[in-house]
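For reference, the structure is listed below as structure tokens.
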Amino acid sequence: MVAVRADTEFPDARAAYAAAPGAATVDLSVRIGSLTLHTPVMPASGCFGPELGALIPVAELGAAVTKTVFGSARGGNPVHRLTEIPAGMVNSVGIPSRGPVGYLATLHPRYAALDVPTIISVGGHRPSEYAPVVAALGENGAAFELNVSCPNLDRNGTDIGSDPAAIREVVAAVRLVTDKPIIVKLPVLVASIADCARAAEEAGADAVCVANSIPAMPLDALTRRPILGNVIGGLSGPSIKPIVLRLVWLASRAVQIPVIACGGVETADDALDYFSVGASAVQVGTASFARPFAAVEVARGLQQRCRDAEVGTIRELLELDAAL
Amino acid sequence: MRATAAAAARREAAARARAFAEADARALDGLVSVRPRQAVPRPQPVWDDAEMLVHEPAGERYRRLVLASSSIAHTALAGQFLMITVPPHAGDTILLPRPMAIHRRRPATADQPGTVELIYGVVGRGTRALAAVPVGGTLQVTGPLGRGFEFETGTRSALLIGRGVGICGVMGAAEDAQAAGIRTTMVLSGQRPEQLLGRADCAELGVRVIAVTDDDGSSDLVTLSAGLRAEFDGATPERTPPDVVMVCGAGVLARLAAELGAHWGVPVQASLEAHMACGLGYCHGCAAPVRTDASVEGPLVCADGPVFDARIPVD
């Protein structure tokens, strides 16, 4: 097991932080299919790694979420891969992957050593590529998150996740090869998020995650050339929260399965905003770079807010707020 | 015609920026590779709330930061870096932490906490916000990070080359060299004499300084290269080639160091910089300029570097 361990001779801020979680007196657990998370807070794919196991009390999170695993090994995009503009962070990392075999050999043991369930993110370049990856991952991991924000090579590069028929095809195929919970991570740029969420639900998904970074193109202010080597990247951070709030609201009204919100969550209040429009859980991404413990802070903040209001559930907390 | 002059100045600045970026990319193409596995284990990175003890101008162009963190000061290796989380400033929130080289490490004493010293230039939103943090304030830092400069056993002499704020990247190596009794010369390069960093540090560490600037033309790559060959191509012990060359500051300078290394038949270690988000290796934001097969993820500046081997490619 990986644990935050203090150097007794030269203490740093980690140990004091890990030792002061406050009493987890409120049951905030949430079910994603057959998987129960003790808190509705987890990292966003790509914004977490087992490296954090020694820096933050990972056990206070509901789950760990891996970087997306593709069917075959692939490299990432050319430099520069990320930048910060006033509107947020833009990344075009390109999701390098070692494939399921490489993932299981090198990364998975480090995730398994963490004290939380591992949700393995899975990607594909066409709908048929997802199920073989899930099958190859077998009994590893507690759930699968299908990253359908990938260009579909069968359909001239349109995002798989923007096409309800393609979503259905992906989920139905994955459902046949695993009994573990399936989460479908939907993209922002879709004609109808409700149709996309319904397609996932009808094909057997246990939850949808709404949403992902937003395609964007940052230019250098001086040279007016694209900053990113890939020209286009994904915008993330607090500025995308209102955009994703709308999508979460629409998706939550369309499906019965849990909606996991992902977009600009930095604080417990951001999480409560998402819960108030129908989300059951949140993912924390960009905020973790500046504050590695950001997701832990959100989880602790939710406990604190419920304790302060003397309520036992987030639903009760939101009802109190709504009655103002 | 003020507008015309302003437009011309803007065009010139844009052209300079493009030319610099292109020259740097060309210089680094095929130049660096990941160093063989190191003998010294890397320290476990931590995050710490570090009190800012000093925050003042350093020369004409930069600012000096001294942070109290006994843990990081105790464990950091030469050439490692920190991720600095920049607090919000005047309503502006900085999302990503900024990677900065550890310039000096001063371990804790009986009555003083250990400190690390960093130097940075105010170049954009992030560093402007950082410049507003007062002495006595707290900065959240993560580190020490990355793979730094390493002296092989038996090294007797070293040539260190730093330019601009890159001088901070190699100063840790000067500290190690002094502790190990390695005879060291350091090239301090910058635009103007008033901007040169590291003179006082080199004096304290007993490192011989060769100062070069754009102002008098001495930092010109051809001039500098010829000067260093003349300096170290001699027969006396002081003038024999160094056992190792370590460099930080620009791609073109790393290439110059690699050429000198090839000429003298000695290894060259070059520290690179990159835009980063996590600094730990999981975000894969800082791909190193190393040629790899398209189906394979190449090395990362944060986890496999920032210090790499630099060799002139054979092709």
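Any Cβ shown, glycine's included, is placed from N, Cα and C.
According to TrEMBL, the features are:
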type    : residues                               : note
BINDING : B:GLY126, B:THR127                     : FAD binding site
BINDING : B:CYS278, B:CYS283, B:CYS286, B:CYS302 : [2Fe-2S] cluster binding site
DOMAIN  : B:45-151                               : domain 'FAD-binding FR-type'
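What TrEMBL annotates, mapped onto the structure for a quick look.
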{"residue": "B:GLY126", "record": "FAD binding site", "CB count, 10 Å": "20"}
{"residue": "B:THR127", "record": "FAD binding site", "CB count, 10 Å": "18"}
{"residue": "B:CYS278", "record": "[2Fe-2S] cluster binding site", "CB count, 10 Å": "28"}
{"residue": "B:CYS283", "record": "[2Fe-2S] cluster binding site", "CB count, 10 Å": "26"}
{"residue": "B:CYS286", "record": "[2Fe-2S] cluster binding site", "CB count, 10 Å": "29"}
{"residue": "B:CYS302", "record": "[2Fe-2S] cluster binding site", "CB count, 10 Å": "26"}
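Checking the binding-site residues B:GLY126, B:THR127, B:CYS278, B:CYS286 against chain A with a Cβ-Cβ cut-off of under 8 Å leaves B:GLY126, B:CYS278, B:CYS286.
Taking DSSP states H, G and I as helix and E and B as strand, the domain 'FAD-binding FR-type' (B:45-151) has 13 helix, 50 strand, 44 coil.
One way to see the shell of the [2Fe-2S] cluster site is to take the Cβ centroid of B:CYS278, B:CYS283, B:CYS286, B:CYS302; the remaining same-chain residues with a Cβ within 8 Å of it are B:MET276, B:ALA277, B:GLY279, B:LEU280, B:GLY281, B:TYR282, B:HIS284, B:GLY285, B:LEU300, B:VAL301, B:ALA303. B:CYS286 ([2Fe-2S] cluster binding site) sits 18 Å from B:GLY126 (FAD binding site), taking the C-alpha atoms as the reference points. In the three-state DSSP assignment, the secondary structure recorded for B:CYS278 ([2Fe-2S] cluster binding site) is coil. DSSP classifies B:CYS286 ([2Fe-2S] cluster binding site) as coil under the three-state reduction. Taking the Cα of B:THR127 (FAD binding site) as the reference point, the closest of the binding-site residues B:CYS278, B:CYS283, B:CYS302 is B:CYS278.
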